[in-house]
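The structure appears below as structure tokens.
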Amino acid sequence: MARKASIIGGGVIGGGWAARFLLNGWDVSVFDPDPQAERKIGEVLANARRSLPALSDVPMPAEGRLSFAASIAESVEGADYIQESVSERLPLKHRVFAEIQAVAKGVPIGSSTSGFKPSELQEGAADPSTIFVSHPFNPVYLLPLSEIVPSPKSDLQIIENAKEILREIGMFPLHVRKEIDAHIADRFLEAVWREALWLVKDGIATTEEIDEAIRMGFGLRWGQMGLFETYRVAGGEAGMKHFMAQFGPCLQWPWTKLTDVPEFTEELVDLIAGQSDEQSGKYTIRELERIRDQNLIGFLRALKDRNWGAGKVLLDHDKRRRASFHETGKTGEGAPLVMAEMQVLPGWIDYNGHMTESRYLFASSETSDAFLRLIGADMDYVANGHSYYTAETHIMHLGEAKLGDRLTGTLQVLHADEKRLHVFIRILRGDEVVASLEQMLLHVDMKAGRTCPAAPEVLAKLLPIAEAHGSLPRPAAAGRFVGQRK
Ligand SMILES: NC(=O)C1=CN([C@@H]2O[C@H](COP(=O)(O)OP(=O)(O)OC[C@H]3O[C@@H](n4cnc5c(N)ncnc54)[C@H](O)[C@@H]3O)[C@@H](O)[C@H]2O)C=CC1
Ligand SMILES: C[N+](C)(C)CC(=O)CC(=O)[O-]
């Protein structure tokens with residue numbers, strides 16, 4: 001049965017939390033007294049459906065059930081996790097925690113607060129131990145970070161359970177060891193925001209020029225290495241110490257106005273809002289959200305290809321989801337092995353409006369790679385210098401896969417010996433075969449660059465499967481050549 005998350009406050013951030021939980025298979029109950037909340041969450045969810053699945057080639061679990069509760073009590077009833085995302089006002093948050101704890105006992109209650117400390121949130125609570133900060137970043141459905149901040153009164157088991165729940169929905173819980181106003185990340189954002197406001201107020205730069213200064217340069221660096229690793233590299237071969245010796249003195253120079261906050265006069269607000277309209281007013285907020293999401297997908301995918309930073313979190317999440325698939329996957333004898341599940345994503349569609357041909361080969365690789373992992377020819381095996389290489393493939397396109405279709409890859413071993421692995425892969429949509437691929441793989445000594453017998457432990461797994469598959473009907477398309485009459 002799906003687990004239940006209760007989301008209290010369904011604005012920008014609550015909507016993002018709701019989407020993240022729902023798309024990861026949790027049932028979600030939202031409470032928000034705003035009559036527009038249902039519409040707003042619907043729009044956030046539409047954006048999330050368009051973007052979150054595009055981060056991965058492993059299909060999302062079946063979406064959970066979304067409901068809107070008439071009260072906090074109804075929303076938190078039976079919840080396994082509660083996330084508070086109401087407006088940033090402490091007395092309001094206190095009232096909300098009191099209502100939650102009148103019903104929910106011992107359940108983790110994360111607060112999205114951008115700046116309040118957990119001990120402030122816990123003041124006057126019936127049970128302070130279950131309330132902690134879980135501060136996410138917008139858009140919550142795409143960005144992995146959530147700062148988890150306990151206070152000395154927090155129950156550390158509740159904190160660990162909450163961190164595990166966040167990992168399960170693909171997030172990166174960063175445990176902040178000492179509570180402080182605005183946690184870790186918002187301290188930076190506030191500093192940069194203050195400095196930027198002064199630059200506009202003093203007529204040094206427009207909102208657009210400031211954004212260019214960030215996105216054409218250091219913003220790109222920060223997204224993949226952060227601050228310290230970036231500066232370490234900037235120190236050249238002499239590293240961090242040299243960097244600090246060179247740039248340390250500037251900290252005493254008037255390079256920033258950090259402690260000084262410009263007054264939010266009507267004039268300053270108008271100046272900033274006017275420049276911002278000129279810069280970005282040609283797009284609606286929803287259009288900007290979609291542009292942002294597509295940029296983030298490309299950026300996060302690039303990081304994923306390098307197993308680096310936020311991309312590593314995505315890869316780890318894929319691994320977890322693949323492992324749970326194999327626990328439940330049908331790998332019984334007497335049938336082709338069900339090795340992969342995929343979903344046709346927006347980038348897989350060609351100008352004919354269906355899945356492009358290279359993706360059939362991709363789907364086949366997902367299937368055969370999973371099989372190779374099953375028989376022990378996995379990444380450790382490859383790191384030790386041995387692998388299977390594909391020598392020949394014949395693809396038959398039998399149907400049209402369309403956007404959003406869920407596909408399954410099955411594999412039947414036609415023949416295997418010490419060096420050769422001859423397989424027949426079917427790509428199915430339900431029971432319909434949309435493509436079949438016949439493939440010959442050869443076992444290779446990667447250093448020597450030639451074929452060699454597979455390791456005994458790999459053969460010990462492979463050969464019994466080949467023998468079992470020997471009793472399966474041989475696919476009619478096996479051995480077929482291009483142009484052969486039916
Ligand atoms: N917007 C941002 O960039 C970020 C905001 N946060 C934090 O997330 C929290 C929510 O912020 P946003 O979503 O931006 O604000 P928002 O204004 O978009 O949403 C707040 C929602 O709370 C609802 N609300 C008010 N009283 C309520 C009650 N008694 N019960 C249930 N819902 C109630 C409002 O109707 C509104 O829909 C704040 O604590 C904020 O500091 C955290 C990360 C980023
Ligand atoms: C502006 N803000 C302080 C509400 C920002 C955050 O808390 C995090 C974010 O998503 O930028």
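Each residue, glycine too, has its Cβ placed from N, Cα and C.
Quick look at what TrEMBL lists:
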- G9, G10, G11, V12, I13, G14: NAD(+) binding site (BINDING)
- 5-179: domain '3-hydroxyacyl-CoA dehydrogenase NAD binding' (DOMAIN)
- 184-248: domain '3-hydroxyacyl-CoA dehydrogenase C-terminal' (DOMAIN)
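Overlay of TrEMBL feature records on the structure.
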residue	record	Cβ within 10 Å
G9	NAD(+) binding site	26
G10	NAD(+) binding site	26
G11	NAD(+) binding site	18
V12	NAD(+) binding site	15
I13	NAD(+) binding site	24
G14	NAD(+) binding site	25
List the other residues in this chain whose Cβ sits within 8 Å of the Cβ centroid of the NAD(+) site residues G9, G10, G11, V12, I13, G14, in sequence order.
I7, G15, G16, W17, D32, S85, V86, S112
Secondary structure composition of the domain '3-hydroxyacyl-CoA dehydrogenase C-terminal' (184-248) [DSSP: H/G/I, E/B, coil]:
56 helix, 0 strand, 9 coil
For the domain '3-hydroxyacyl-CoA dehydrogenase C-terminal' (184-248), the averaged pLDDT of the predicted model is 90
Using DSSP, would you call G10 (NAD(+) binding site) helix, strand or coil?
coil
